[in-house]
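Enquirer: Before I ask anything, let me first share the structure, which is written out below as structure tokens.
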Amino acid sequence: MSVPLILTILAGAATFIGAFLGVLGQKPSNRLLAFSLGFAAGIMLLISLMEMLPAALAAEGMSPVLGYGMFIFGLLGYFGLDRMLPHAHPQDLMQKSVQPLPKSIKRTAILLTLGISLHNFPEGIATFVTASSNLELGFGIALAVALHNIPEGLAVAGPVYAATGSKRTAILWAGISGLAEILGGVLAWLILGSMISPVVMAAIMAVVAGIMVALSVDELMPLAKEIDPNNNPSYGVLCGMSVMGFSLVLLQTAGIG
């Protein structure tokens, strides 16, 4: 098994860490859930704008027009899918005053997992192709993806557990979203392999960077504010950026990233 594929699998498997955190002890509060969403948004924004997009633009054979064009394509592609797909948000599962029916819980969990899986799938491809092109950069991106997959797993498992009271169900739905990322890496390994040119790798990174920025600004940050109106989600965003920035500095200082 190749190192890039192993990195992709480990990054996707980090979702289970968040899932276990979401079901251990007491059910997570709205404040914790909102903070985790802001934290994930901060990591996504920093890694997209400070690592993925610059790396894509600096790739051999990549022109600024193509690089920024693919980034904008990722932005517009996300907003297009966001408008077409039905929405199901974590706070829909956090209603404590009404006991939802099992069918409605299942439907909401499916839609929520689908949305995150659509985001995770291209991340898996991007992690694999980036690590195939540059193992050091791929390691940094895999680390970033793994870090934001932890609160992402919490964001899925926490509300599902709060609504159903079933730890197994919560971990299952969170795990599915993480498996989508692994699937993206496996498909890239099977179909693309070593045939990917640096330009194609860079284009994929630029597209995914656009998707991650759009997801952070349009979904995660507003959702965090809606779940916990009494607290500013910017604190979570700043913490996420700080943790990610500090980890990247450590990697670069150690000569890894």
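Each residue, glycine too, has its Cβ placed from N, Cα and C.
The transmembrane segment annotation in Swiss-Prot covers 5-25, 32-52, 61-81, 137-157, 171-191, 195-215, 236-256 and is backed by sequence analysis. Sequence annotations record features per position, and here Swiss-Prot assigns Fe(2+) binding site to Asn120, Glu123, Asn149, Glu152, Glu181 based on sequence analysis. According to Swiss-Prot, the feature Zn(2+) binding site maps to Glu123, His148, Glu152.
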Enquirer: Do the transmembrane segment (5-25) and the transmembrane segment (195-215) share at least 3 Cβ pairs under 8 Å, sequence separation 6 or more?
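Expert: Output no: the transmembrane segment (5-25) is apart from the transmembrane segment (195-215).
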Enquirer: Looking at the stretches 61-81, 171-191, 195-215, which one shares the most CB pairs under 8 Å with the transmembrane segment (32-52)?
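Expert: Result: 195-215.
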Enquirer: Using other CB atoms within 10 angstroms as the count, which residue among the binding-site residues Glu152, Glu181 scores least?
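Expert: If we count Cβ atoms within 10 Å for the binding-site residues Glu152, Glu181, the smallest count is at Glu152.
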Enquirer: To see if you understand the setup: which same-chain residues, six or more apart in sequence, place their Cβ under 8 Å from that of Asn120 (Fe(2+) binding site)?
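Expert: Those within reach of Asn120 (Fe(2+) binding site), by Cβ under 8 Å and sequence separation of 6 or more, are Gly12, Thr15, Asn149, Glu152, Ser177, Gly178, Ala180, Glu181, Gly184.
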Enquirer: Measure from the Cβ of Glu123 (Fe(2+) binding site) and count the other Cβ atoms within 10 Å, all protein chains considered.
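Expert: A 10 Å sphere around the Cβ of Glu123 (Fe(2+) binding site) contains 26 other Cβ atoms.
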Enquirer: So for Asn149 (Fe(2+) binding site), how many other CB atoms are inside 10 Å of its CB?
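Expert: Around Asn149 (Fe(2+) binding site), other Cβ atoms within 10 Å: 29.
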